[in-house]
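Peer 1: Before anything else, here's the structure in question.
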There are 2 protein chains.
Amino acid sequence: MSQYTAPVRDMQFVMHELAGLQEVAKLPGCEDVSSDLVDAILDEANKFASGILAPLNRVGDQEGAKWDHGKVTTAPGWKEAYRQFSEAGWTAVAGDPEYGGQGLPKLLSTAVMEMWKAANMAFSLCPMLTNGAIEAVALRGSDEQKAAYLPKMISGEWTGTMNLTEPQAGSDLAAVRTRAEPQGDGTYRLFGQKIFITYGEHDLTDNIVHLVLARLPDAPEGVKGISLFVVPKFLLNADGTPGERNDVQCVSIEHKLGIHASPTCVLAFGDSGGAIGTLVGEANRGLEYMFIMMNEARFAVGMEGLALSERAYQHALAYAKDRVQGTEAGVRGGPKVSILHHPDVRRMLMSMKSQTEAMRALAYVVGAATDLAHRHPDAAVRAQKQAFVDLMIPVVKGWCTENSIDIASTGVQVHGGMGFIEEAGAAQHLRDARITTIYEGTTAIQANDLIGRKIARENGVTVRALIGDMRAVQGQLAEQQGEAFAAIRKSLDAGIAAVEAAVDYILATYNNDIKAASVGSVPFLKLLGIVGGGWQMARAALASQARIAAGSDDEFYRTKIVTARFYADHVLSLAPALAYAVVNGAAGALALDEAHF
Amino acid sequence: MSQYTAPVRDMQFVMHELAGLQEVAKLPGCEDVSSDLVDAILDEANKFASGILAPLNRVGDQEGAKWDHGKVTTAPGWKEAYRQFSEAGWTAVAGDPEYGGQGLPKLLSTAVMEMWKAANMAFSLCPMLTNGAIEAVALRGSDEQKAAYLPKMISGEWTGTMNLTEPQAGSDLAAVRTRAEPQGDGTYRLFGQKIFITYGEHDLTDNIVHLVLARLPDAPEGVKGISLFVVPKFLLNADGTPGERNDVQCVSIEHKLGIHASPTCVLAFGDSGGAIGTLVGEANRGLEYMFIMMNEARFAVGMEGLALSERAYQHALAYAKDRVQGTEAGVRGGPKVSILHHPDVRRMLMSMKSQTEAMRALAYVVGAATDLAHRHPDAAVRAQKQAFVDLMIPVVKGWCTENSIDIASTGVQVHGGMGFIEEAGAAQHLRDARITTIYEGTTAIQANDLIGRKIARENGVTVRALIGDMRAVQGQLAEQQGEAFAAIRKSLDAGIAAVEAAVDYILATYNNDIKAASVGSVPFLKLLGIVGGGWQMARAALASQARIAAGSDDEFYRTKIVTARFYADHVLSLAPALAYAVVNGAAGALALDEAHF
């Protein structure tokens, strides 16, 4: 069966050598983040992920969450695992210390989050959505709301949900119709139906805190008339304990391709007189608040792409080492060998491995930049880091998730015929991965955000600074000897040039022909991800070479250089083709009338 | 729900304008293949595919085939559909007229086969495997075997299976262990277990004819000691009717990611004294016979890639036309539009459409070449066409199936959140497509065949001739006016150069470093598919331009040119990157020790 062990060595390498853990540890509020603490947390999280969560991944897929007359029962073992998870304090890792959280830096919570998602993605969605609700309340909630909900959610005693989507309002939240009627006592009654609500109902906790987008009676049309409400499943008694059942019901859950154990709910608000809620922040600013929180959620989904890729890789590698089939290439009648000996299996595994490591490096670097953006004493540094984070969030989300589908599919392929048999477990990773490019904004939504708000709006300032950072690495590569570094440099040179050409095209086109620019948006997002990953793999190779030069004989470093070289030859080398599609691809894509498709 | 209508217009265009239907119709035995006959057959097949088979696709997925104590029950409606299918003569389309077949040319049966596979892939596997068994008996069976089995299988009264795989013998058939003991009366008793046997047991017909690979007691080790046997589920009475039950039992069926309605059986031969069979052809030549038949089966699986892509495209297009979400790009507060208006949705649909049309063009051209290879009066033409077919079979199989996974996944993406919900049906195409790169030889097996037997062994003669044919089209493109043709020519130029560079590398490397050549085998297969498809799309654009120049105002031709241009900009443009990986990618892929993965 599929097992999972967190790749702690690579996580540590990335945190220390690429993402600047030492700098993060100097930030205000991070003074306790010693190497020992990091080691201890990663070690404990790995134990929990591999020992408790990973073994439940398959039963979750097979049994799934079950709906019966409005009640949702989670898969066998889920409830106990959730209890242990919250009791061990894992729900509180990133939370505000004022409300019981541990306030650990993003860089560290990112590594921990990767473990939960790799071990059991369906499980991880529950704390992930709760984090979204925590953030919403922390960001704009009143003191009463904070006091009522934050300690309970941070401790994991209650979970939270995000209620955005309605049948007619998916990517287009301007179309939200759920109504909120003021009751004159500071509360509101909500009426409407929300769909695709992750963990909208379950049996893990005594209460569920729904964050809900809805319209006030006098609200303007469109995006500027949407407000945010907090609507608990059970209304709170005066002492803060769950009291009367609120008028929100789970009327069904979806039958999905993957993440079967995560109940995806249709929630009906107000079928019996109105679901009682309170306004979060100011009226009509709900969507604006959502956008502020979006970085967090999109980053987390990007981590799902990384995490599922790691899981699929471990799964395929174990099979490839175990499965004996055929003889060494070119050898007739020789001994049978494990399929890891076959060149194409190696190619597939190196492709999975190198892309996963590139994603980890880029994502953790963005995680560390988030810490600097939030906590650095110098406002200029904060602003610069925030701009980098804003630029890279859609890339981490879109690129890592698109990759994860391919990588999980490659994992199936490594298994041969067994990959198609559900019992082998490889197919689950593909099924689970398939949602990641859709929720929290499809890849196209990420790509729109990237070329519009993150590049065109500021005339490319931040992306050009990023290109400058990449060029600096080119210079360092030029100082290295050997074939591997020559190969890395060659592909990175071409990759950076490809990004520049594509950026030039987008900046020249966006404001006068947004459709033409948009045709290239997803190819550009992938391009920036691939080259961003190549940049980090080049840095990883340089850092490894420095260790080797300093006398280390740790095979990890030699392996990292080989992996970076594979990435350069097989993945980064795609960059010019993507730029070609960005720069040349609009006319053909836009020429047909609707009727001629 | 998902509907399907065969793309008859495009099929006709490809058959007439690209694949040379007129030349095929001049071949001996094809004299009756008039345009009218082709029209009538495509029309009738379309009615059956869209009216009978397509509506059963979903119930087949949901209900699947069910196993109970050795008996397999097909999904509701399956049995009746199969009866109608065989009564209408569809099982006999490609069969030998001497045994009741219609002997239609491959080009025509290819179009018909595409329809079955698009409408209901799980259903289509039953006649496909039967065709394999028919071919085996027709190719090397004795007169008695032919008389006993061919008319029944061609009429569809009985079905056939191919029994190759065993738990330890998947891609490596040298490891087959099933034993066949001669009884001295011309029959054999077989003992062993076969897995992954498609339609190995079912309730559609009165008998099932198993073709089985097994070893005789004195057989040499390895691939040269495997013989082929015919083992009917029910032994035949003297009058040819099914009699006593043979000792072959279905002990279980697999729970698979997709094609749920196609029972994938574990068959136990000889648990009660031996399954009685007869030898097909000569002893120890079973694998050789399999190789002769392999072209047919691999081509058919390639058609599954094409067919599922077409189905996924139609499904996604219907959703994109229907689903209203957001406003036109760059328009705030304008009317809501169907998502087909959004640039990235158009890009996705054009990508699906253009690749599907490219696959159809290339596959049908190979289909027509098969007719010429089999029937042309000039032996030199036959040999030349056979060499082309042999070269292209692994490409059609590997490239079309790899594409189909991406294309079906893109179809899910077009659906947004609904794509992940099984009820929407888009996910089924992805699940079904996922097997196609695995069975009948994984993509790596195809790619090995391509660079080894089909290119290196003959020192690149046929692939260089193909490059010459492509160059001729470049010349014709240069004579055309306009942006679209300039774009097509530019990408095709680069694509052909990429193929040449990769071929040079493979020829220089294969015989002295087979592992290095093999690392590039799958990227090369994809490269040859992409450029082969681009070559055909360029021909399609030229043929369309000729029609327009001759006065046609059929929008089909204008659309074809736009589609070919999109393909050139977005798909064909990947060729240089693939060649880069072929030429440069070996060292990084082969450098790591097993322990360092």
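The backbone N, Cα and C atoms fix where each Cβ goes, glycine too.
Just so you know, TrEMBL annotations never went through curation; they're auto-generated.
Keep in mind it's a predicted model, so treat the numbers as computed, not measured.
According to TrEMBL, the record shows the following:
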type: DOMAIN; residues: A:41-157; note: domain 'Acyl-CoA dehydrogenase/oxidase N-terminal'
type: DOMAIN; residues: A:162-270; note: domain 'Acyl-CoA oxidase/dehydrogenase middle'
type: DOMAIN; residues: A:284-450; note: domain 'Acyl-CoA dehydrogenase/oxidase C-terminal'
type: DOMAIN; residues: A:478-593; note: domain 'Acetyl-CoA dehydrogenase-like C-terminal'
Peer 1: Against the domain 'Acyl-CoA dehydrogenase/oxidase C-terminal' (A:284-450), which of these stretches has the most C-beta pairs under 8 Å: A:41-157, A:162-270, A:478-593?
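Peer 2: Comparing A:41-157, A:162-270, A:478-593: A:478-593 has the most Cβ pairs near the domain 'Acyl-CoA dehydrogenase/oxidase C-terminal' (A:284-450).
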Peer 1: Within the domain 'Acetyl-CoA dehydrogenase-like C-terminal' (A:478-593), how many residues are helix, strand or coil going by DSSP?
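Peer 2: Taking the domain 'Acetyl-CoA dehydrogenase-like C-terminal' (A:478-593) as a whole: 97 helix, 0 strand, 19 coil.
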Peer 1: Using DSSP, how many residues of the domain 'Acyl-CoA oxidase/dehydrogenase middle' (A:162-270) fall into helix, strand and coil, respectively?
Peer 2: 7 helix, 53 strand, 49 coil
Peer 1: Let's see if you can do this one: DSSP helix, strand and coil counts over the domain 'Acyl-CoA dehydrogenase/oxidase N-terminal' (A:41-157), in that order.
Peer 2: 85 helix, 6 strand, 26 coil
Peer 1: Averaged over the domain 'Acyl-CoA dehydrogenase/oxidase N-terminal' (A:41-157), what pLDDT does the predicted model reach?
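Peer 2: That stretch averages a pLDDT of 97.
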